[in-house]
């Protein structure tokens, strides 16, 4: 049930005040009266009023001064002014100071009811909008990006420094590290928080449609363009545009994007009329753009335009001290959403989660915890409740232990297990590029391939 709207009526003439209080009683709001401006302002200090109806000419304080004081202390309160001395000048002044509307004496009660109904509706819409924006801000507070590691503290430090600027930002990190979450945190904690945040994944849209998506098009500019289209840049005007996977942008669109950044204007496909823009640009990539520049697949001048302020998000395997916090956070979140009692996790299962390399990073961890919460019958998570690949990797590590016991140890097998694990880790880090993996292991490529064949790994 919606909370009833509260209205304050300030009218110095008692008969008029009492008549209005009687006539304006309604189901959707409650109304209280005051006989002076000072009394009305005192009431507002102790109670919240959503709408104030005040006479413009009061003996102690003018209605304009009351309006100013209300807007200073309660900007979302709607104010309706009543006067018997109508003038265009007074009306314009009242509206400039933030009055919702203006009505003259003798009052038409039906007209006043219509104005009140509209003010009530506006108040509700504004409040809902404020609530939604607060929800967004709360969701993307820095505290919601989990991490106590030194690497993440550096990320937070950089973010806090740049929220007060409009500088172009380039977020670097592997898939699943939370690049869009960081971009949203920068936007929703900055000066543009109440303006649009528009995200586009440059790799997810076919090349022949990407230009139109980014910059818009005019009707008839190509087959199928049956009406004008607003592009993502125009939609983000006065706000922030987030260009994810910027490294996949085709060369001809890199040229057009560079011009947009230089000129702060965009031209739609099929038009030569520039549209002025004021949008912050945040880009993200999971590839090494410096290497792409050297290969000639990414424009050097565009790279420097985008890389004004870089933010490097480390992969999860490089901040394993954050895994405990992340596991606890995702467990609480999923138990709450699935209406389950709180779940605990045993030491062995936690060690397995910490040991796993997480190629999909935080996104993969979040999905794994959601799956565990959904499928585990009890309230305690053990190693057997983890996905097989995670439990298996942990088991192989246990078997590869180099500790010698009284029962002895199979040295040859243990050495092979250790080599196999090191090669797997290097290949994961190098994204399968054997030359890079060999370099990490201080081997030449031929030696690495021979070892892989000997160990029964793919050569």
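The backbone N, Cα and C atoms fix where each Cβ goes, glycine too.
Predicted automatically and left uncurated, TrEMBL annotations should be read as such.
Some features that TrEMBL has for this protein:
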- 6-120: domain 'Response regulatory' (DOMAIN)
- 55: 4-aspartylphosphate (MOD_RES)
- 145-374: domain 'Sigma-54 factor interaction' (DOMAIN)
So how many other Cβ atoms are close to residue 55 (4-aspartylphosphate), meaning within 10 Å of its Cβ?
24
Looking at the domain 'Response regulatory' (6-120) alone, can you tell me the average pLDDT?
85
On the DSSP side of things, how many residues of the domain 'Response regulatory' (6-120) fall into helix, strand and coil, could you say?
52 helix, 26 strand, 37 coil
